[in-house]
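Here it is: the structure, laid out below.
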Amino acid sequence: SQVSFEEESQKQPAVGHWKPLMPSKGSKEELEPGCQDAGGVGEAPCPEQLDVSRLRSSSVEIREKGSEFLRDELHKAQKELKLKDKECERLSKVREQLEQELEELTASLFEEAHKMVREANTKQAAAEKQLREARGKIDMLQAEVTALKTLVITSTPSSPNRELHPQLQSPSKAGFRKGHGRNKSTSSAMVSAASQNAAPEPVSRECREVDSTLFAEFQAWKESPTLDKSCSFLDRIYREDVGPCLDFTRQELSELVRAAVEQNTLTIEPVASQALPVAKVAAEECGGPKKCALSGLPRTCKHRIMLGDSGNYYYISPSCRARITAVCNFFTYIRYIQQGLVRQDVELMYWEVMRLRREMSLAKLGFYPSEM
């Protein structure tokens with residue numbers, strides 16, 4: 001509207017296009033005396049001057065109306081600007097409020113996340129603790145199962161173990177039954193009794209003296225019990241007892257037996273009264289009731305072994321069984337010590353280890369009880 005007004009105001013009408021006004025006679029007569037009075041010299045104003053004055057007055061009116069229109073538009077623009085300023089101010093407040101809420105929400109989310117992480121770590125630590133305890137219980141139960149297996153394999157209806165059944169012993173030998181105690185644990189007593197297949201001599205007839213070197217090695221091992229062969233205590237026993245005791249004619253099978261004993265995965269069971277068919281025995285098992293799989297010699301085999309979960313059985317002679325059982329008894333006892341299941345004095349544990357070593361020495365030399 002302002003632009004159109006300026007264009008109209010700039011357009012000046014051409015003077016030549018306006019028609020002169022022809023005053024009437026009366027007016028002419030009336031104007032002439034006035035013109036003469038005003039001019040003083042008797043000259044009347046021309047029609048062109050009248051047209052210019054009228055144009056000037058109309059342009060002034062147009063400018064006044066244009067200025068009024070512009071003022072109104074200016075007032076309207078100012079009002080709209082004020083409204084927009086208020087709207088911008090309101091929007092800025094809303095934005096600040098949203099930013100503050102977003103910051104608070106972010107802080108609360110981070111705090112909640114840290115809280116969840118702390119709770120998860122606490123639960124994980126508790127679960128790991130429970131897992132360790134469960135593993136300890138499992139190890140203890142496995143030791144109990146091993147002891148029960150030893151009880152089963154050392155006492156059968158056909159050849160009962162007299163050490164485990166005092167009612168079968170003579171009154172003179174029943175009083176000399178001994179074993180290492182562990183909090184009145186039945187399994188420990190069974191393992192100890194299973195390892196004593198021969199009737200021991202009275203303690204009063206034995207003369208014992210502690211070897212300082214062996215006792216020092218055992219004490220050092222007892223401070224931090226482990227099954228690692230690198231320690232001096234186990235290294236000596238491996239060299240002097242375990243290795244020679246499990247050194248059979250068939251070297252490859254001997255290594256497998258030794259690994260199974262160390263991993264506690266060897267199973268010994270008595271041979272059933274009804275032997276398997278010859279074809280099946282040849283296909284699934286090594287050796288036979290009349291041939292030892294470890295020595296390769298023709299012997300009457302009353303027991304057979306299985307290495308792990310392989311499902312393959314190997315017939316063994318009584319001498320080989322005595323050697324394997326002696327080593328298994330030794331490893332069972334030191335595992336009990338490692339797991340903290342033996343509650344005895346250090347010297348008593350040392351003498352029990354020495355007794356187990358003596359059994360291994362006798363077994364590797366060929367001595368074994370007649371019950372085997």
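A Cβ is built for glycine as well, from the same backbone N, Cα and C atoms used for every other residue.
From TrEMBL, for reference:
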COILED    67-151  coiled coil
COMPBIAS  156-172  compositional bias 'Polar residues'
COMPBIAS  184-198  compositional bias 'Polar residues'
DOMAIN    67-149  domain 'GDP/GTP exchange factor Sec2 N-terminal'
REGION    1-57  region 'Disordered'
REGION    156-205  region 'Disordered'
So what's the mean pLDDT when you look at the domain 'GDP/GTP exchange factor Sec2 N-terminal' (67-149)?
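It averages 89.
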By DSSP, what is the split of the domain 'GDP/GTP exchange factor Sec2 N-terminal' (67-149) into helix, strand and coil residues?
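DSSP composition of the domain 'GDP/GTP exchange factor Sec2 N-terminal' (67-149): 83 helix, 0 strand, 0 coil.
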